[in-house]
């Protein structure tokens, strides 16, 4: 049996403040660090051991991965970081409060920006500090590939080449891999693995720091997928994610 575990980072400071984060490099909150450690504990108690790990260029994912590997005593395994696993770029929405944005534009429009498949928010300008082209960490990435806004479709377009060429083929010679990334980059991978339609993907909300396990047979055919944890608690946390784009009553 082969396994890949997908893990969204722990709560970030902007998750706590209910702000659109995207490619903004926001740190974990105190709660987020605790969530990451608990995810590592849950994986250890369930007997998981990883041979390699993958994450984004953003510290909230990197630090979550470090917490998990520390709990597993696997700090030494190979780790690859890539911009392709970054969160969806939210364009001009980055930094705005989601509830306040829902008051201004309506909950339906915010839901479309957050969860639709092919609608992107307005892009940031070329000289805007939110443009990844202004960030030295992306100096090696062609400017034409760096987004100034993205839909989920756009996000999948940059995630999938890395998934298909790097991560998934690694299962041919490794048995267990860990991917720590972001809500939308992981939603794209899950959409691909489970064959979720462009319409139904809007209903998928990933809670922070809950391991999502995918098991494959020796032919790399998906045979089982499940969250690791208490189903009722996970359901409530996913519902809380869905409500982030609602106006405060």
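For all residues, glycine too, the Cβ spot is worked out from N, Cα and C.
Swiss-Prot annotations:
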ACT_SITE  9  active site, tele-phosphohistidine intermediate
ACT_SITE  87  active site, proton donor/acceptor
BINDING   8-15, 21-22, 60, 87-90, 98, 114-115, 183-184  substrate binding site
SITE      182  site 'Transition state stabilizer'
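Where Swiss-Prot records a feature, it is marked here on the structure.
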| residue | record | contacts (Cβ under 8 Å, 6+ apart) |
| --- | --- | --- |
| 8 | substrate binding site | 180, 181, 182, 183, 186, 206, 207, 208, 209, 210 |
| 9 | active site, tele-phosphohistidine intermediate | 28, 32, 36, 58, 60, 61, 63, 64, 180, 181, 182, 208, 209 |
| 11 | substrate binding site | 28, 29, 31, 32, 35, 208, 209 |
| 14 | substrate binding site | 20, 21, 24, 26, 95 |
| 22 | substrate binding site | 87, 88, 89, 90, 91, 93, 94, 130 |
Quiz item: Counting Cβ atoms within 10 Å across all protein chains shown, which of the binding-site residues 88, 98 comes out on top?
Solution: 88
Quiz prompt | Collapsed DSSP category at residue 11 (substrate binding site) | solution = coil
